[in-house]
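According to TrEMBL:
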type: BINDING; residues: B:R339; note: substrate binding site
type: DOMAIN; residues: B:31-329; note: domain 'Aminotransferase class V'
type: MOD_RES; residues: B:K192; note: N6-(pyridoxal phosphate)lysine
There are 2 protein chains.
Amino acid sequence: MTLVDRVLLGPGPSNPYPEATAALGAPLLGHLDPEFLRVLDETCDRLRTVWGTANARTLPLSGTGSIGMEAAFANFVHPGDVVVVAVNGLFGERMVDVASRYGATVVRVDHEWGEPVDTQRVLDAHGSPAIVAAVHAETSTGSRSDIGELAAAVHERDDRALVLADCVTSLGGIEVKIDEWGVDIAYSGTQKCLGVAPGLAPFTVSERAWAARVPKPPTWYLDLGMIGDYVSGGAGGGRTYHHTAPVAMIASLHAALGRILDEGLDAVFARHELAGRRVQDGLEAMGLELFARKGNRLPELTTVNVPDVDSATVRRTLLERYNIEIGGGVGQYASTVWRIGLMGHNARLERAELILAALRQVVYR
Amino acid sequence: MTLVDRVLLGPGPSNPYPEATAALGAPLLGHLDPEFLRVLDETCDRLRTVWGTANARTLPLSGTGSIGMEAAFANFVHPGDVVVVAVNGLFGERMVDVASRYGATVVRVDHEWGEPVDTQRVLDAHGSPAIVAAVHAETSTGSRSDIGELAAAVHERDDRALVLADCVTSLGGIEVKIDEWGVDIAYSGTQKCLGVAPGLAPFTVSERAWAARVPKPPTWYLDLGMIGDYVSGGAGGGRTYHHTAPVAMIASLHAALGRILDEGLDAVFARHELAGRRVQDGLEAMGLELFARKGNRLPELTTVNVPDVDSATVRRTLLERYNIEIGGGVGQYASTVWRIGLMGHNARLERAELILAALRQVVYR
């Protein structure tokens with residue numbers, strides 16, 4: 001069987017770090033094996049470093065990134081709670097859907113796509129929400145929002161309100177400082193800047209959010225109390241089996257986090273910055289127009305307006321001729337925006353030069 | 001870093017088929033890549049063969065086995081529905097919990113652990129349930145129940161009642177015939193007889209169950225309507241992105257299913273039967289007493305009463321001296337029962353001889 005070898009420069013998954021791929025193929029361990037539990041503990045420790053948190057409740061959930069969003073609302077929305085959601089792209093939109101399913105009274109604050117979240121408008125939307133939710137790095141638009149500013153403003157007004165942040169496309173690529181910012185609930189995915197295959201959702205919860213959680217959420221699989229008894233040990237100290245952990249994926253995340261911390265977080269962020277700026281400068285030099293607002297562009301995910309060509313044809317040509325995947329846009333921007341990700345192991349200058357060169361060939365020759 | 005190489009003879013995970021491990025390390029594909037969608041389609045086709053079904057709605061869900069149980073109840077329990085659950089072990093017990101969370105009025109039919117499900121008692125428990133649920137192969141006890149008999153009896157009395165079966169420890173190891181038996185909703189896990197790492201839950205739904213599903217379930221991540229639009233294509237025929245599929249895990253399942261179908265389902269079942277009977281005969285020859293009732297013992301998972309030794313010490317010795325993992329019991333049987341799995345790639349005579357020899361050394365020397 002011939003294996004297709006793609007360069008994954010879309011909005012994720014990205015090509016994993018080599019260490020992550022090697023760990024996937026290592027001998028499997030049982031989910032209760034002391035050797036595996038050591039790997040799990042170390043994975044949670046490494047996640048704390050990357051999240052910038054001391055939260056005891058920091059763990060990888062057993063599903064892809066979206067399961068993080070589901071767990072966040074399922075465990076912290078009490079029916080009737082007011083949840084203010086900043087919507088500036090698809091994932092804010094999705095938060096509205098998920099929060100509503102768990103019985104929230106959702107107050108949505110719509111922004112134009114490509115714009116960052118406006119802290120003052122979010123504050124003004126409701127005087128005493130239970131939860132204020134926003135996306136740090138909008139995967140649909142390539143725009144970064146200032147979660148630190150938002151969290152500080154929310155807590156300054158009302159210290160009971162919880163701040164919930166989607167960090168799926170930010171964790172491991174740009175700075176995330178859960179404790180310093182005062183974020184209470186956050187989740188991510190492994191297939192973006194963390195450089196692992198999709199399949200896990202890193203999750204973290206502050207002590208005050210933990211104390212305010214729904215004691216028995218409608219979901220069994222994502223009941224954080226029960227999961228915590230396995231991952232961190234229960235009240236009696238011992239670990240209680242909940243569900244069989246995806247051991248191979250956790251070993252892979254463990255290896256990728258080891259690689260990231262060996263390189264150093266600051267160096268990893270600088271690498272994302274360098275590669276992202278190179279591709280953004282190069283696209284502009286080609287005469288293309290970037291989509292996300294200047295000053296809020298994510299280095300790891302660049303959005304660019306499609307010039308006068310057929311978007312799908314260009315993407316198909318990139319895939320067929322060069323084995324390069326880039327993403328189309330989302331919703332009304334499906335055929336007018338391209339999304340180019342330089343995430344994790346792909347956040348390198350050689351990837352930036354490659355996509356610029358390939359696009360030049362396909363679009364201008 | 002030294003890698004620990006275990007022989008996983010517990011209740012799962014088991015050591016994956018070599019083809020499954022190789023596929024985990026293959027180059028990653030994007031979840032919307034035509035090459036990946038071909039792999040996904042073929043995986044669903046192969047799952048249909050293994051399930052014994054023509055159900056269009058047959059797919060791998062993005063979580064470990066328990067997410068299958070969650071999806072089953074979340075998508076098919078309308079609040080207030082009467083759900084009859086046959087409880088003859090931990091997983092029947094869990095069904096009661098999950099069904100209750102989704103608003104079911106649960107009628108539980110308790111059996112002694114180790115016994116198979118008693119069709120007549122389940123029928124007698126309620127005259128017109130919406131759903132009748134039972135576990136095919138109870139992972140906690142090693143007991144097999146006759147799901148075909150149960151389904152036929154339920155449908156004969158009331159053709160609107162749905163039959164829901166947990167096949168986590170049966171699929172790929174013993175015969176499962178969804179269509180012939182008349183099962184409406186069933187789920188499994190990859191880490192048992194399918195010979196893949198944990199991380200996916202194969203799922204199948206009959207047309208009549210599909211028509212009766214909850215249109216907008218409380219869970220977004222497991223909303224089968226939305227997932228179906230990605231996996232099988234929506235009403236318009238096109239595929240709609242839902243969540244990023246765990247592509248590496250799906251490639252691995254695809255490879256394991258290919259291996260299973262190349263070997264032939266009947267040959268695979270015979271291999272499980274041969275290895276399982278050998279270990280059961282060998283344990284009895286050693287003077288040990290099997291736990292599950294004779295006539296209903298699973299070949300792939302053997303339960304045995306712990307003789308006059310400390311259960312935990314024996315298990316630790318097996319792990320430390322021979323790198324062999326076996327399972328303890330569950331609940332009240334935690335320290336009085338061992339669970340020995342010969343599943344998937346481990347369903348081989350050499351594994352049976354190995355565990356018999358090792359146990360003999362540890363228990364009797």
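In case you wondered, yes, glycine gets a Cβ from its N, Cα and C as well.
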Least buried by Cβ count (within 10 Å) of the recorded positions B:K192, B:R339: B:R339
Alpha-carbon spacing, B:R339 (substrate binding site) to B:K192 (N6-(pyridoxal phosphate)lysine), which is rounded to whole Å: 13
DSSP-derived structure type at the residue listed as 'substrate binding site', helix or strand or else coil: strand
Mean of the pLDDT scores, which run from 0 to 100, over the domain 'Aminotransferase class V' (B:31-329): 96
